[in-house]
């Protein structure tokens, strides 16, 4: 069937392939959309094109659109809705478009789980389930699962003569617990659920152990895996020998070794012609390999030492490969290998039945509770859609309803999901209506049991011309990244990806081509930053005395230094929205890593460089101090007889005991529970610690009672309130994050209580299980998407995102091979494999099946890691920076050189398949770039033609020891000071510091004037300023005055504090009558009771001085006009700078603030009164002398008050008075004169 595609409009921006993907019809379609190729836009446009075409008569509810996440589904629905509204605005009379807008909310645009839920809700009777079921979260599902599994195992243990089960327990558990069996059943259950028929898969798993009719290992279904692995290792050994021969053949090479090496190679070549029909023949051929001893070199000085060592190294590597083949595949007789499998068959059958029983019990328990979990949705939908292995009537109704089924991220589909989708699509081969979009090079979810082979099978079967099984369309044009990023990605992956190792070829159809339009730049070359961790032979012990930095720390510092340079140098970034270059911002940079283990080191390095940083970590929640403390406290409330949690709480800020006090508690009762010792210590000891313990015991008892009466969240919040722990952690470094973590604990407890489980005990047990299983929770998120910070995230978390600058870190970190070396291995094709345990002889050894599946899983893991690296490289829009540490760059580069002289573009499969980290791949590819050849000055390197721009930096770890060395020097400086010796004035930042210190700001005068000042401060300044002074001299006399805390005010008060107390009383005293001494005493007593004044302040107040004011003429006026008196009047007023400072010609203003003690506001005038507590009597010869000083001191203040009040009220200030309590003196201020 050919393609039927309308001609592309002349003015369209779509590429030919994009247009084809939008318009193609008539068959199933697979769109292989490379990174950044605009697949979402193509998918949305295809949908819109179909919906706006009124001749096609397609409604939006006749489409099934499946996305990978709920967020993607919401975005898809939003885009479609927006496009429909735009189309309707251009054609407002279209009833068809109006109908589509109305139907959009009913359209099936969702994740597959959501679609399955819709099927179950509509057709629950077909699955024989209660329609009122509740969908539970994984948290509740895991708790039900654990209970059901424990009940199942308890039942098996209780059955008499249950020999098969007990043999299984002995074979698959440790000496003390059956936790391994518990976990194995759970793993097998989860794995089986990724298959359309879990029970059938479990039964087939048993069949792989049936070897009665198998006479040779070559007849085993997984023998091709074994054969491929042996061939791979033989080829690797051959490659090593060819390298050895090359070194021996060099001028000054160890030529006497050549005869032995060529004999080795001849033997290896004979292994390439093995007949694989007979296992014993293969074994004999490999065992016959005889590596002769290489001859001794008579005159060693005639030979290049490096060539000799490299020749030996490569030959030893070849010998090791052959030895490993013998150990892994031929260490036991063929009959024993086959017998092992037959002996294990009863155990495999028993565990298969256990898993099936558990699955039934688990589902029945959920049914009893009226709940379903997410794993149930797909299988129940499948049960509804498939009856007796054929599509049910429900499935046929969906086939009629959906004119097209569109699937995004198809590469991450598993077998169950594939079966469901095929059941709701058109079953007629000539009318395929399945539209799949994805990129198998970005399939990185195998750990979630995604099956990329589904995509790859269709990719190979479908044809670009539309003939055959379906239509294949390749979208390779990248609209995200600069050419420099694409060239780097292509250069690396043309050498790495092919079907043998990566499960897909990186050919012309797969390579990335430029589609984005960026302005030219000379700054965007891909950078490879390698830090050589080899120690400098010339460095002294003193230089290394600080603790040697770990690899993560060194690399983090190198990255932080790089970022700081980019920010400081205003690295240019093209802003697509502004359509112009701008300086780089922190938010433009992301650091990607395979895992987040280096995040703490990265955060520390960023702090040193003053770089705002955020790491989105999905683990470590339970390890945070604040959460660990709260969990420990909850455990103690549940049961105080738990020594470790109790000690943690006592040592925490909640109680605040130190180590010595904890030791004294234990001495109070040396044996038994620590809680008993705590009670004993409390009763026999009189101390501050005993008081704190007594208070804690009281609180603990109250909390224990509360945990019974109230729900868990009420308990947690009560603890936060009573202990102030929430506020306390807020004051610690990272307080915002810590408080968010505590809120998250409250929220998670709330979420827990919404399940069928209740109570503190079960919650604590649930948390313990999470910790044991390693199912940690991520720390609470406190960062918004738009905050200007450098972000760090995993490569998986970055999928689908893009960033201007991407730094890929930790490239030398080893791949996580933990699953591969597990005792038990699971595989979709061959089921379950483990080592064989001979219970009678107490011997454990690997089975042939375990070895085969181990190799298969290893190859799958390598293929997935290669795809993860592809995802990482393709996140960059403009610049790509690759960073790694190497133990010894000279030795590492020599390893890379072994393949640098080959002519083929693709690297040998053995090199790619045996990689231990991303740097193994990157190093072996980048070394064939001209930049690396120039760096190493190595003529043997066969460079590959490329336009890739590469910048290589090799740095030593010493470059990043600065902090430790500077701390070390600082210690020496301290010693110099103690010894009264000069401190050396040397610094790596000397020039930079001098530049900063000598910098002169052009508007110095403006910096001497505060933008906001109090009247009191201005008064002090003017008392110091005269005709020859300038404002800068005032700084020498300015002093910050802060209120002392109240507990310090309990002692002798300062003059300022006494004045404050007097003013407070004058503000509170009634003016409706003349107060008596009794009135004032009563008022002061009331103010103390209300905590307005302290006892010390009241004692400092002279009541007779207060009464003296009301006896004065000024006081009498205040009493007479009390209804016009305003007290403590605050004001703010803008005053020209030139009016304050005679020498200033600035046109700026200063905001002055003050408080008028008292003012009498009449209709046309205002009288100001300011109270003073200055010492007068006995200090001056007479009042006249005192008055002169006081006028000079306070004139500026009162004039500022007057000008401000006049400007604010619009009334003239006619009089202004100072009243001095000491001596009852009244001083009138002349406010007519200027400043």
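Placement of Cβ uses the backbone N, Cα and C atoms for every residue, glycine included.
Taken from Swiss-Prot as is:
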type: DOMAIN; residues: 12-482; note: domain 'UvrD-like helicase ATP-binding'
type: BINDING; residues: 33, 34, 35, 36, 37, 38, 39, 40; note: ATP binding site
type: DOMAIN; residues: 509-800; note: domain 'UvrD-like helicase C-terminal'
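Positions of Swiss-Prot features highlighted on the structure.
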residue: 33; record: ATP binding site; Cβ neighbours (10 Å): 28
residue: 34; record: ATP binding site; Cβ neighbours (10 Å): 26
residue: 35; record: ATP binding site; Cβ neighbours (10 Å): 23
residue: 36; record: ATP binding site; Cβ neighbours (10 Å): 23
residue: 37; record: ATP binding site; Cβ neighbours (10 Å): 27
residue: 38; record: ATP binding site; Cβ neighbours (10 Å): 21
residue: 39; record: ATP binding site; Cβ neighbours (10 Å): 21
residue: 40; record: ATP binding site; Cβ neighbours (10 Å): 17
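What surrounds the ATP site, by Cβ distance within 8 Å of the Cβ centroid and not counting 33, 34, 35, 36, 37, 38, 39, 40, is the set 42, 439, 475, 478, 479, 480 from the same chain. Over the domain 'UvrD-like helicase C-terminal' (509-800) the predicted model carries a mean pLDDT of 85. Look at residue 40 (ATP binding site): DSSP puts it in a helix.
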